[in-house]
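Enquirer: Annotations per Swiss-Prot:
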ACT_SITE  Lys79  active site
BINDING   Gly14, Ser40, Ile43, Val46, Val48, Ala51, Val203, Leu354, Ile367  FAD binding site
BINDING   Pro97, Tyr456, Tyr457  L-tryptophan binding site
BINDING   Thr365, Gly366  chloride binding site
SITE      Glu363  site 'Important for activity'
Amino acid sequence: MNTRNPDKVVIVGGGTAGWMTASYLKKAFGERVSVTLVESGTIGTVGVGEATFSDIRHFFEFLDLREEEWMPACNATYKLAVRFQDWQRPGHHFYHPFEQMRSVDGFPLTDWWLQNGPTDRFDRDCFVMASLCDAGRSPRYLNGSLLQQEFDERAEEPAGLTMSEHQGKTQFPYAYHFEAALLAEFLSGYSKDRGVKHVVDEVLEVKLDDRGWISHVVTKEHGDIGGDLFVDCTGFRGVLLNQALGVPFVSYQDTLPNDSAVALQVPLDMEARGIPPYTRATAKEAGWIWTIPLIGRIGTGYVYAKDYCSPEEAERTLREFVGPEAADVEANHIRMRIGRSEQSWKNNCVAIGLSSGFVEPLESTGIFFIHHAIEQLVKHFPAGDWHPQLRAGYNSAVANVMDGVREFLVLHYLGAARNDTRYWKDTKTRAVPDALAERIERWKVQLPDSENVFPYYHGLPPYSYMAILLGTGAIGLRPSPALALADPAAAEKEFTAIRDRARFLVDTLPSQYEYFAAMGQRV
């Protein structure tokens, strides 16, 4: 048996997944591993305006990229939270922010809020970020300093950790919005400058050896391209993993019915409209609409289930929602494959991106899945014996992340008090994963903590579950009975401190538009 260490990686497919993978692997392994990326010049990518988790900054830090280098090239803006609009009732909104939950006397502040909150806005009472979002503030001052100074110096943060190792230690206060195609273009230049070979060609066939492993891909103009490890970044088609290697796809459609989207890229006068520091998810009759603010435009799209809405109806609803600015903008209709591959790594093929899995755009998990998979590939990169435990570890980590996010998204629909259409009525009777159903019963009397959420790393800390449970409004919750016997004075002091801190930051921070205009960007 050939025990030579694998040192030739072939990535099939470009887009965000392909170029994030290429740039990360090249930075991780340098000249010790050759990386070739093959992408068609004719097959389009799904990428639209993208929103992210705050952990994405670790990706850019790993590549030694500073914000001023990549953000202007990608029309990027800051994201402090997701704003959920009309999920509980028309006109109601709440935020799921990037901000750790405070605790008082051993109980999360949300418990104290349920016991005796100062207002009916849990997000503004328990998080500073909600007020900054309502006021449209940037997380940075005009001199570039961050609202939380310790992160500028990185003195309080452990270095060199993966996302799963960071969770619970710190919470960076923002993520990003950016144009996916522009990020792919930027990372393409970064990767090629560092030795990644770029082949623009169509893959005609995937050839297997007598073991069933991929030996090479056959291209139209460049002939055979061989390698040791092949990375499938071919999107929903899954050309290598699903088609050539026959790995089955595990659908999540029984619990998450949205299977379609229509997207628009709409130029807007951001000086007049401002640049909100959040992703907006607005509930509609048969799904929800995302709004992602970028430099000079918004990315927006209607995510829906075709059993409840036709593509024509969805496009009309989206255009009416955006207004006259969308009149001449071309629509991009997308069929989504919701679920994950049974294995994301089989033999010598690893799927990353949509070929691995996708759990609809709600909560901005697409880029997170890519980033997590790349980190795990480096962590489990094989030696010459291709030890099966490395594949098993990788597959377990990737599956756990997607299954955990699935539970979290199901909670959004099950928990939404909105009940005015057949779609929203059906969200209350649809299948629920057994473990989630058990957890919800516990959360009704004890809010989520690290011991009673999904037990494996999936990028979502307990406070995220608290925000959704409290914000969507359909699941009855009550505080810990112990609080009826506790002194509320310390909690009241904490609520006051949050309100005072929020007022100070709203008064002193610039708006997002003011910040990016001052940075010299053409907004």
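For all residues, glycine too, the Cβ spot is worked out from N, Cα and C.
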Enquirer: Using Gly14 (FAD binding site) as the reference point, find which of the recorded positions Lys79, Glu363, Thr365, Gly366, Tyr457 has the shortest Cα-to-Cα distance to it.
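Expert: So, of the listed recorded positions, the one sitting closest to Gly14 (FAD binding site) is Gly366.
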Enquirer: Ranking the binding-site residues Gly14, Gly366 by other Cβ atoms within 10 Å, which is at the bottom?
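Expert: Checked Gly14, Gly366; of these binding-site residues, fewest Cβ neighbours within 10 Å: Gly366.
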Enquirer: Distance between Glu363 (site 'Important for activity') and Tyr457 (L-tryptophan binding site) at the Cα atoms, whole Å?
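Expert: With distance taken Cα to Cα, Tyr457 (L-tryptophan binding site) is 16 Å from Glu363 (site 'Important for activity').
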Enquirer: With DSSP assignments reduced to helix, strand and coil, which class does Glu363 (site 'Important for activity') get?
Expert: coil
Enquirer: Tell me, how many other CB atoms lie within 10 A of the CB of Val203 (FAD binding site), whichever protein chain they belong to?
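Expert: Val203 (FAD binding site): 21 neighbouring Cβ atoms within 10 Å.
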Enquirer: Under a criterion of Cβ-Cβ distance under 8 Å and sequence separation of at least 6, what residues of the same chain contact Thr365 (chloride binding site)?
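Expert: Counting only residues 6 or more apart in sequence, the Cβ neighbours of Thr365 (chloride binding site) under 8 Å are Phe53, Val359, Val405, Gly459.
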Enquirer: Measuring Cα to Cα, how far is Val203 (FAD binding site) from Tyr456 (L-tryptophan binding site) in Å?
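Expert: The Cα atom of Val203 (FAD binding site) is 37 Å away from the Cα atom of Tyr456 (L-tryptophan binding site).
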Enquirer: Can you count the other CB atoms that lie within 10 A of the CB of Tyr456 (L-tryptophan binding site)?
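Expert: Step by step: centre on the Cβ of Tyr456 (L-tryptophan binding site), count other Cβ atoms within 10 Å, giving 13.
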Enquirer: Taking the Cβ of Pro97 (L-tryptophan binding site) as the reference point, list residues of the same chain whose Cβ is under 8 angstroms away and which are at least six residues distant in sequence.
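Expert: Listed in sequence order, they are Leu80, Ala81, Asp123, Phe127, Met129, Ala130, Cys133, Ala467.
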Enquirer: How many neighbouring Cβ atoms, not counting its own, are there within 10 Å of the Cβ of Glu363 (site 'Important for activity')?
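Expert: Around Glu363 (site 'Important for activity'), other Cβ atoms within 10 Å: 22.
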